[in-house]
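Student: Below are the features I grabbed from Swiss-Prot:
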type	residues	note
TRANSMEM	1-21	transmembrane segment
TOPO_DOM	22-223	topological domain 'Chloroplast intermembrane'
TRANSMEM	224-246	transmembrane segment
TOPO_DOM	247-338	topological domain 'Cytoplasmic'
ZN_FING	291-326	zinc finger
Amino acid sequence: MIHLAGFTCCLGGVALYLLTRSTGRDIKSITRVYQLKDLEQLVEVESKVVPLIIAVSGDVGSETPIKCEHSYVLGVFLKRTAEQQVLRRNWRFSWVRNSTLMQPMTKEVPWYLDDGTGRVNVDVSQGELGLALTVGSDVFEKAEPVSLVQGALGYLKGFKILGVRHVERVVPIGTPLTVVGEAVRDGMGNVRIQKPEQGPFYVTYIPLDQLISKLGDLSRRFKYASMGLTVLGVILISKPVIEYILKRIEDTLERRRRQFALKRVVDAAARRAKPVTGGGTSRDGDTPDLCVVCLDQKYNTAFVECGHMCCCTPCSLQLRTCPLCRERIQQVLKIYRH
């Protein structure tokens with residue numbers, strides 16, 4: 001599971017890195033056009049070599065704008081929706097308002113951008129637009145009055161039509177837009193902007209400078225996210241290896257501690273085999289005050305948790321539990337004798 005999560009993070013980091021590079025290439029490929037009057041000459045020079053991706057700003061205009069049915073707003077894209085609102089009686093015999101969305105209708109006309117110095121046609125369908133349309137009109141049309149018999153039948157059925165709400169959303173004439181796309185010539189020789197087969201394409205209300213800055217910030221965020229995911233993936237993948245190395249180091253240290261303790265016991269046994277001359281004895285004078293581990297040095301430490309005093313300082317540092325009661329050792333106190 002750790003390996004799978006690690007590989008997933010690494011793949012996510014690689015994907016974000018590729019997205020970062022793609023966004024960076026998109027930013028570098030965009031040619032900013034500050035005045036539309038210069039676009040004709042720019043297309044003449046550069047579009048012959050590679051597809052020319054430009055970024056332009058201007059106000060929306062059209063020779064044949066669409067007029068909203070319920071208002072005087074003119075636009076180039078129109079989306080009209082109708083919502084029938086009714087009252088229904090539920091099982092508690094209370095009336096609840098419900099609505100049913102009818103089939104929406106869309107319209108669009110040829111449009112262009114105009115910045116005061118020139119204009120350029122934009123060949124973008126409403127499906128490719130990706131803009132939040134402005135509400136041109138929002139009208140509620142009440143249902144026609146019904147006869148007394150029809151009203152009584154509707155009451156008995158638990159159904160009453162309130163009316164229809166008509167909402168029209170448009171891209172109004174004069175709306176400032178920023179368009180990033182490919183500049184080409186149409187069959188009439190006029191310059192138009194269209195969606196490129198490969199490359200960036202944006203239609204937004206954001207000004208040109210803010211759009212470029214936003215794309216740069218987005219690229220940097222993707223870069224940092226890719227680095228973070230990659231590092232996390234490497235850590236998750238290498239975690240079993242790190243745990244294995246630490247376990248081997250711990251086993252090696254434990255084995256050396258045991259060998260050291262065994263060597264001390266063997267050395268102590270060899271010394272005890274020699275004649276014992278006077279030396280340290282217990283308080284009763286019967287048994288030497290020797291460490292119970294090495295049986296060589298006198299015990300001079302006490303374990304705070306259990307209170308036993310039975311080991312010398314070197315042996316107490318090698319132990320994890322008390323050799324008498326097997327309680328875990330947390331703190332060792334050294335005892336000084338007079």
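A Cβ is built for glycine as well, from the same backbone N, Cα and C atoms used for every other residue.
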Student: How many helix, strand and coil residues does the zinc finger (291-326) contain under DSSP?
Tutor: 6 helix, 6 strand, 24 coil
Student: Please average pLDDT over the topological domain 'Cytoplasmic' (247-338) for the predicted structure.
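Tutor: In the predicted model, the topological domain 'Cytoplasmic' (247-338) has a mean pLDDT of 75.
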